[in-house]
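Engineer: Got a structure here, written out as structure tokens. Questions coming.
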């Protein structure tokens, strides 16, 4: 019997190194379905999956990294290799913390990801994916994510063009209670839609690929609907605010689409531009382009970059705390087994001693005498195991699993000798192992010299 160290292996398919198509392939199906699939793979004992419009990540726990890597490779078989970032044990734990802090987000420090990690945790727990290893890892990530947002300025100010455009519109025209049209479903359009999610009463998403628009709409908590790009004119007529951020080479919104829409704020954050020249001259229509909006983001970006350095240091500290927590728990498994075995031996020997007293004395042991004998046995167990307990904790701190597993073989359940298997008593002090002899008093050693007397 050996103590299992629970290796975490992770895989990330995100906006930093994968296309939207690859992310969607990796995120096929629900988070719970993905966790169940991973748990069905050989050697996987725990699993956690996080899916958003900009990332699909999976983490598994196995007895070795090879088993975990094979399980994740099978799970992501349809995704291009260059779109997958594989993560070792330490990398997985740190990466998950960075994700929860918003350091891996399109917009550094954005708040939504923390709630998404929490939801993914509940999803994984719901299907039995979260065991002791991932439970500690995810809860630590959530903890450091909350610390980052309360102790630093990581989430202050608008730093993306999408969120900056919405803030710009809010300051000049107001967006609270408005109907907003978002044209596009890529990076900037997604950020704009999420920035509008709280203040707007309704969001319309228009995109050439309807599936992507629907995926974005599903992530919004406000009332959301989806239309095709060919229906932009009708959607614009119903909107108070229009944000356009497609990757089209041609104009997506022309002057005819905005004719007669009334008071409308149009934010064109696409490159090249989505809105045809001349739209700004239409009565009631105010058009703002990239040059106007980009200036809003510079100061906020600088503040978040500075905060990110503080958060990275915070992650390093919390990672060390997590590793210490893991090591202590694993050592405690062995210590518990050691005490469990000692308690069984103590109980057996107490029964033997009490039986002898009862055989030799008509009235046996009194209740007080029984308490004294049992107290002495407890004290012996505690004193004898005190030094090994500390040694095991020291071994865990030093990752000395050979010593820990050797102790488990010696003291673990099912390995105690039968009562008839008596140990060999050394003939003299020289027969006592040197390491043990150094810990024994001279009086104890002298007892071995008188064993034959």
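Note that Cβ sites are derived from N, Cα and C of the backbone, with glycine treated the same way.
Note that this is a predicted model, so its numbers are computed, not measured.
Per Swiss-Prot, the feature active site, nucleophile maps to 53; the stated evidence is sequence analysis. Here Swiss-Prot flags 184, 185, 186, 187, 188, 189 as NADP(+) binding site, drawing on sequence analysis. According to Swiss-Prot, the compositional bias 'Low complexity' annotation covers 413-424. Residues or ranges marked as site 'Important for activity' in Swiss-Prot (evidence: sequence analysis): 95.
I'd like to know what surrounds each of these features in this structure.
Structural biologist: Long-range neighbours of residue 53 (active site, nucleophile) (same chain, six or more residues apart, CB within less than 8 Å of its CB): 23, 190, 215, 216, 219.
According to DSSP, residue 186 (NADP(+) binding site) is assigned to coil rather than to any helix or strand. For residue 186 (NADP(+) binding site), the same-chain residues lying six or more positions away in sequence with a CB closer than 8 A to its CB are 20, 245, 246, 247.
Take the CB of residue 95 (site 'Important for activity') and look out to 10 A: across all protein chains shown you find 22 other CB atoms.
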Engineer: Sorted by position, what residues of the same chain at least six away from residue 189 (NADP(+) binding site) have a C-beta under 8 A from it?
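Structural biologist: Residues satisfying the criterion: 162, 182, 183, 205, 207, 216, 243, 244, 245, 246.
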Engineer: Would you identify which of the binding-site residues 185, 188 has the most other C-beta atoms lying within 10 angstroms of its C-beta?
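Structural biologist: In terms of Cβ crowding, the pick is 185.
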Engineer: With residue 95 (site 'Important for activity') as the reference Cα, tell me which of the binding-site residues 184, 185, 187, 188 is the closest one.
Structural biologist: 187
Engineer: Using a Cβ cut-off under 8 Å and a sequence separation of 6 or more, which residues in the same chain sit near residue 184 (NADP(+) binding site)?
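Structural biologist: Residue 184 (NADP(+) binding site) has long-range Cβ partners 206, 207, 244, 245, 246, 247, 270, 274.
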Engineer: Near residue 187 (NADP(+) binding site), which residues of its chain come within a Cβ-Cβ distance under 8 Å, counting only those 6 or more away in sequence?
Structural biologist: 15, 54, 106, 162, 245
Engineer: Can you see whether DSSP assigns residue 53 (active site, nucleophile) to helix, strand or coil?
Structural biologist: coil
Engineer: Relative to the mean position of the Cβ atoms of 184, 185, 186, 187, 188, 189, the recorded NADP(+) site, which additional same-chain residues have Cβ within 8 Å?
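Structural biologist: Here the nearby residues are 162, 182, 190, 191, 192, 245, 246, 247.
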